[in-house]
Amino acid sequence: MVKICCIGAGYVGGPTMAVIALKCPSIQVVVVDISVSRITAWNSEQLPIYEPGLEDIVKQCRGKNLFFSTDVEKNVAEADIIFVSVNTPTKTQGLGAGKAADLTYWESSARMIADVSTSNKIVVEKSTVPVKTAEAIEKILSFNSKGINYQILSNPEFLAEGTAIQDLFNPDRVLIGGRETPDGQKAIQTLKDVYAHWVPEDRIITTNLWSAELSKLAANAFLAQRISSVNAMSALCEATGADVSQVSHAVGKDTRIGSKFLNASVGFGGSCFQKDILNLVYICECNGLPEVANYWKQVIKVNDYQKKRFVNRVVSSMFNTVSGKKIAILGFAFKKDTGDTRETPAIDVCKELLRDRARLSIYDPQVTVDQIQRDLLMDKFDWDHAVHLQPMSPSTVKKVSIVWDAYEAARDAHAICILTEWDEFKTLDYQRIFDNMQKPAFVFDGRNMVNVKKLREIGFIVYSIGKPLDPWIKDMPAVA
Ligand SMILES: NC(=O)c1ccc[n+]([C@@H]2O[C@H](COP(=O)([O-])OP(=O)(O)OC[C@H]3O[C@@H](n4cnc5c(N)ncnc54)[C@H](O)[C@@H]3O)[C@@H](O)[C@H]2O)c1
Ligand SMILES: O=c1ccn([C@@H]2O[C@H](COP(=O)(O)OP(=O)(O)O[C@H]3O[C@H](CO)[C@@H](O)[C@H](O)[C@H]3O)[C@@H](O)[C@H]2O)c(=O)[nH]1
């Protein structure tokens, strides 16, 4: 029986290994992690991450050919294929701080593999890493090899949160990079055989190591670039009376451009886009390519501009002051169908509003009170580091209440900001909400999901990203 061990039981390690276990009953899969609480949760009724469809799969396979364990060394030693799916955050200190990927967790995993291995291994980079990381890992392993043959493969993951299971069941492509030697090609074939249990062969792409590593960064940069492009257009739409939804529909109808990923928003979030583009920028700079670095840097700058622009709209519309005013925040996760808040635009928006002395009442169906408190206290990039580097028992952020109902959040509020596109926000009783709010009552829709016409009929003053402006808002330009 082929034995797979995955180091890192996070948003990638957990779902990908669960799907491999489901699709390959003849393979034994063990997911290991140094975090005892995470492993305990994977072995419990309450999984550590919320992902539609995941619970069913875990329940089907757990205890049969899918196991979660904190016994990292034993399971690594016994495995034939080791996936490394640990976090690769942005460095917060030292050389490359604020840009370069921090490979501390990756390197310690590689050293541990070298320490405990007694048989040949295929080591698979599942984490998103800088191009050429495989070479560094090869060096660590070969300097400590004790005669063991290690083959390193790059197999970046393209799943998106909220649709992870769907993406894993039916991937656009599976990418495997390896050495162009006979041993390298043999290792590629072994991994290909795993995916071939359910992925059609023509969707399994094989490349050299560096192309696979770089393709992951490139794919995320291209995706994020589309959002920054449409968000940049949204500012111009507001200035000219064009409607960004109509513009993206018209643009996306061109089959060369395509319609996906053209929704204007308060900004992209999530643990990957910003981190991976910063990483790409740093790699370009290190390779003496400042023009290329600046090109990609602009994607992040436009994203920051979009978040700032949204807050400016809120404050300027409300007579340039939100001091002491209650503002309801609907949605805190970085997108719907996940409880993940890493780099969510809600953090920046909330922090800015708090700086302007607003009182916030936050509602999200999947994010815990503790997580929101932690996020509002944490410094940039700290979220992706070990727990001991994060505020341990967050003291309550004053002026923030976290409630479990959108109506409660909006009661007596002056304004509502919609920051995550949860489906339930489409069907709220906005008349009831309006009746219980201070007047004038504002809705700032950061996800373009409300029916603007209906809400204006109720009496709301509505701001929707990139849409023709309410006359009220038009007269109050958002100047930074
Ligand atoms: N989240 C996504 O949607 C996504 C998608 C594609 C790729 N990625 C990439 O995959 C990687 C993992 O992302 P994630 O979101 O799953 O991260 P995560 O933080 O949810 O999980 C990483 C896990 O690795 C564990 N870990 C760290 N060092 C360890 C060690 N030495 N031994 C054992 N366990 C260790 C941590 O405790 C943590 O539970 C990152 O490189 C990320 O960029 C993420
Ligand atoms: O038209 C759009 C599409 C997305 N977003 C926002 O962009 C962010 C990222 O969304 P999405 O890409 O769907 O989720 P992620 O889970 O971050 O997935 C991205 O990052 C992963 C980690 O690298 C990759 O594996 C995926 O392919 C890539 O889509 C979220 O805040 C979305 O709300 C928009 O604002 N407009």
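Using the three backbone atoms N, Cα and C, a Cβ is placed for every residue, glycine included.
Quantities reported herein were computed from a predicted structural model and do not represent experimental measurements.
Annotated active site, nucleophile per TrEMBL: C272, in sequence order. If you draw a 10 Å sphere around the CB of C272 (active site, nucleophile), it holds 25 other CB atoms from the protein chains shown.
All protein chains shown were included, and the count of other CB atoms within 10 Å of the CB of Q274 (NAD(+) binding site) stands at 23. In the three-state DSSP reading, Q274 (NAD(+) binding site) counts as helix. As annotated by TrEMBL, NAD(+) binding site applies to 8-13, D33, R38, 86-90, 127-128, E161, 272-275, R342.
The average pLDDT computed for the domain 'UDP-glucose/GDP-mannose dehydrogenase C-terminal' (328-452) is 90. Marked as domain 'UDP-glucose/GDP-mannose dehydrogenase C-terminal' by TrEMBL: 328-452.
Summarising the environment of N87 (NAD(+) binding site), the number of other Cβ atoms within 10 Å of its Cβ, over all protein chains shown, is 22. Under 6 Å, Cβ to nearest atom of ligand 2: this is the test, and of the binding-site residues G8, Y11, Q274 it is passed by none. Taking a Cβ cut-off of under 6 Å from any atom of ligand 1, the binding-site residues G8, T90, Q274 reduce to G8.
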